[in-house]
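Trainee: What TrEMBL lists as domain 'Uroporphyrinogen decarboxylase (URO-D)' is 37-46, 154-170. What TrEMBL records for 42, 43, 44, 45, 46, 91, 166, 221, 339 is substrate binding site. If you look up TrEMBL, you'll see 91 marked as site 'Transition state stabilizer'.
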Ligand SMILES: Cc1c2[nH]c(c1CCC(=O)O)Cc1[nH]c(c(CCC(=O)O)c1C)Cc1[nH]c(c(CCC(=O)O)c1C)Cc1[nH]c(c(C)c1CCC(=O)O)C2
């Protein structure tokens with residue numbers, strides 16, 4: 001797809017400069033930063049009382065389709081924590097719901113699909129969104145970009161493997177047995193499904209970028225269930241298609257999965273500009289793995305173990321120092337957790353983390 005680079009026509013020149021020079025975008029480009037930027041995966045959500053209040057009586061997927069709620073929920077953690085980026089409030093299964101795939105998000109469980117994909121006939125409903133299917137996404141992103149000013153908005157989508165796992169298993173899974181059985185037992189069906197899901201991600205991310213998102217993150221949360229060999233054969237080409245299709249927009253492309261220590265090099269090579277790292281591999285070691293094939297180092301994101309948020313400040317603080325020191329091995333470091341904010345996290349602890357990372361990393 002040939003794209004014209006996005007220009008933020010709705011923004012004043014000053015706001016556009018502030019955005020482009022924001023700590024998050026500087027770090028994502030591997031340029032010097034005034035301080036290490038911080039945001040948290042799942043920063044909007046159940047850990048915030050103001051989120052629980054506004055979500056009352058509305059299902060997760062309904063909320064994603066209402067710009068008033070999307071805008072407010074996306075801004076809540078920016079206001080409360082002063083994070084360096086906002087992440088769009090949506091879900092990885094929203095673009096499937098928007099084209100009529102019969103699914104819901106069950107509270108405390110996750111996405112549940114009515115008719116799991118078992119044969120080529122089941123692929124029919126799985127098609128990319130058009131902008132008209134998700135006009136509420138365009139509306140929400142535009143409102144957010146104008147309200148956020150110099151704070152970047154991260155758009156996101158689920159990567160083909162992670163979204164396929166919900167479609168094939170019918171819901172959350174521990175072992176991904178049906179997904180792996182399809183890959184190896186019916187590779188033609190697997191590749192047809194993953195290729196469609198690449199197109200789904202491309203279409204959904206393009207809508208967000210064209211509406212003004214400053215960066216995108218492709219979540220392959222569950223790819224860590226795969227061996228490097230299976231990842232390379234069955235997943236990497238499809239994720240690579242997504243990154244390649246978005247390249248001409250010129251926005252940073254982040255890539256993240258849990259338990260992906262053995263896959264960091266392959267996920268980087270898929271075309272990520274910034275590689276997300278969970279807590280299992282230190283950031284300096286992550287840089288070694290990303291560059292092991294001879295490629296240049298690139299910015300990394302991570303990697304505080306979310307469990308540490310419950311350990312008390314005297315346990316957290318030395319970890320921040322360690323992570324900031326190890327992050328210096330990369331040309332850019334975006335501070336984050338190694339996975340999402342747990343629902344029972346004390347918001348005060350997250351505020352303390354943001355302020356401490358900023359204070360410790362501010363250039364004299
Ligand atoms: C695997 C995955 C999903 N969704 C997502 C992923 C990839 C990120 C990851 O690895 O955590 C991505 C996602 N989902 C949500 C966001 C919003 C932005 C943010 O990070 O703050 C993002 C980036 C909102 C949400 N998505 C969901 C919630 C909880 C809904 C609620 O409040 O009831 C939120 C805030 C639901 C959801 N949706 C999904 C799960 C596993 C769940 C949790 C189920 C539960 O424990 O209730 C699928």
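Cβ coordinates come from backbone N, Cα and C, glycine included.
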Trainee: Just the number: how many Å between the Cα atoms of residue 91 (site 'Transition state stabilizer') and residue 42 (substrate binding site)?
Mentor: 10
Trainee: Here are the binding-site residues: 42, 339. Which has the lowest count of other Cβ atoms within 10 Å?
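Mentor: Result for the binding-site residues 42, 339: minimum number of other Cβ atoms within 10 Å at 42.
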Trainee: What is the Cβ neighbour count of residue 166 (substrate binding site) at a 10 Å cut-off, with all protein chains included?
Mentor: 25
Trainee: Let's see if you can do this one: DSSP helix, strand and coil counts over the domain 'Uroporphyrinogen decarboxylase (URO-D)' (37-46), in that order.
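Mentor: Helix/strand/coil tally for the domain 'Uroporphyrinogen decarboxylase (URO-D)' (37-46): 0 helix, 1 strand, 9 coil.
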Trainee: Within the domain 'Uroporphyrinogen decarboxylase (URO-D)' (154-170), what mean pLDDT does the predicted structure show?
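Mentor: Overall, the domain 'Uroporphyrinogen decarboxylase (URO-D)' (154-170) comes to a mean pLDDT of 98.
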Trainee: Would you mind checking how many other C-beta atoms are within 10 angstroms of the C-beta on residue 46 (substrate binding site)?
Mentor: 16
Trainee: Could you tell me the maximum Cα-Cα distance in Å between the residues recorded as binding substrate, namely 42, 43, 44, 45, 46, 91, 166, 221, 339, rounded to a whole number?
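Mentor: The substrate-binding residues span at most 23 Å between Cα atoms.
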